[in-house]
Amino acid sequence: DGCGHTVLGPESGTLASINYPQTSPNSTVCEWEIRVKPGQRVQLKFGDFDIDDSDSCHSSYLRVHNGIGPTRTEIGKYCGFGLQMDGLITSKSNEVTVQFMSGTHTSGRGFLAAYSTTDKLDLITCLDNASHFSEPEFNKYCPAGCVIPFADISGTIPHGYRDSSSLCMAGVHAGVVSNTLGGQINVVISKGIPYYEGSLANNVTSKVGPLSTSLFTFKTSGCYGTLGMESGVIPDAQITASSILEWSDQTGQVNTWKPENARLKRVGPPWAAFISDEHQWLQIDLNKEKRITGIITTGSTLAEYYYYVSAYRILYSDDGQKWTVYREAGMDKDKVFQGNTELYQEVRNNFIPPIIARFFRINPLKWHQKIAMKVELLGCQFSIGRAPKITMQPPPQNKNNDKNNDFSDDFIHSVKTSLQTDKTTFTPEIKNTTVTPSVTKDVALAAVLVPVLVMVFTTLILILVCAWHWRNRKKKSEGTYDLPYWDRAGWWKGMKQFLPTKSAEHEETPVRYSSSEISHLRPREVPTMLQTESAEYAQPLVGGIVGTLHQRSTFKPEEGKEASYADLDPYNSPIQEVYHAYAEPLPITGPEYATPIIMDMSNHPSTPLGIPSISTFKAAGNQAPPLAGTYNKLLCRTDSTSSAQALYDTPKGQPGPGATEELVYQVPQSVAHSTGSKDE
């Protein structure tokens, strides 16, 4: 009479003293016999140990034995308040006996322990929670039987569970381990959230929880998507039922609660059976085999009709004719699932191992007032190849033929169950289970075409942009003034159409300068020589025919007059050419701004204009600039006997044959010179 919470599974389990975690009663005893598969050994781990040791383990104690029965041998005898037993107690065989004796005492909670086979190296107990571990991610083995009434959990999937929750109990709630079998869990720790929801799942009620510093979730295969009841992927024609509730209300309107109404979260009435008994069913055809990992149910969801199913069985089939009742692995009884406790709340149940079938049937066993429900199936596509069928020799025919046939059917059924269980150990291929297969193909095709089209359009846009930039650069380079190339013949030929017509014999006559060396150069050599090095002073940016300069010009005319040059009129046009001299830096004592001078390039005697001509150019030596009323023509200076050295531009790179004082002016390269001058 001293046995408390006990679940003995084939590979693991949980056991506790009576009334745990409260004080155990006096004079009680309990003995557990644990067996695992032959060839394996048992390991025992204590989650809590608090037994009175006032009489040195004489009347109150816990004793562990190797073996079962009279031949068992003692491993150890334990007692003590708050005894820390962190290690494992390991047997020498596949059988262990645990004996608890409670004598006369006033305190002591008793104990809680878990066991498993020795190949489960990371065994924990039902009392361990996430705060006991510092790793951000870890794997542990949960024993069977961790749905205990004295442990709490807060939260749900996928949001996570509060760190104070029991790891193994939360694993059962999440559907990653079975309460009757136990199993491995993969835990991930993350930052906590302000609020934890509560829900009912797998016969475990999760409570609402407050803020915590951390939470934990479980890594799973990911095969928990909806299979199409709510979304409508499963058509109405594939949802059938044993009967349909049809009735008329007070207004005479006929109400029919059809099977297709059994879609979770759909507004409106549910499916309801015409007769409420244990022979009713709701059937869903998935069109092909699927891996079904869970189910979610609600009641009628109509406040005026308080109908719901509180317990049910699950049947499945490959052809819709032969049906198999779902059982947990290693169990010989049909599993009964807990349903709803009211008409609104969603209740989830998971299948461990999963069901692999095309046809799925729900058989209500208990209900409130009437059988009515809405459902959704969880799972994923099943694309793993079927296990090969096992062929067996038929049993020998004898007088016990009927008995052998029964044995053969049972054996084949157990083989089929074993094959289906083995298939669930593979990692499933996760696909989008909320769309039809044809839509899945279209999605895959679009996933390939969309990036290709994006790359093509991006390439075209880049080509257009580059072409546009290249065109703009070409236009810009063609329209830019390029001084070093003004002597090109192409430019001159293009400009001839804008100049007055002149005789052909004047086109190729070279220009003669006062310098003896310059006068011997060919026509194309003069601009080339002048361009060998940039001028000291700025060259004019505009060439061609220019009118008379206005007053206060910064260009200085040359003194003197050359009749042979001035008398020429090569273009026979009243419009005269003005040859731009080059500016010289302003004198230090002069005005801040340049003062232009007026120059007359005509070959007729000039008359006073009444406006003084002031030059900012400095003459040779200390000679003052020309006074008002003095007008000069812009001519080439040829006086080579001048003793004073000229301060005007001379072609760089041409020192002249020993005449350092000789002054040669640059002629604008854009102006065609007269061909009528002669050597002096």
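Cβ from N, Cα, C; glycine included.
If you check TrEMBL, you get these features:
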- CYS3-CYS30: disulfide bond (DISULFID)
- 3-118: domain 'CUB' (DOMAIN)
- 142-216: domain 'LCCL' (DOMAIN)
- 223-380: domain 'F5/8 type C' (DOMAIN)
- 443-468: transmembrane segment (TRANSMEM)
Query raised in the report: When you tally the Cβ atoms that lie within 10 Å of each candidate's Cβ, which of the disulfide-bonded residues (CYS3, CYS30) has the highest tally?
Result: CYS30
Query raised in the report: Could you give the number of helix, strand and coil residues in the domain 'LCCL' (142-216) as assigned by DSSP?
Result: 8 helix, 31 strand, 36 coil
Query raised in the report: In this predicted model, what is the average pLDDT of the domain 'LCCL' (142-216)?
Result: 93
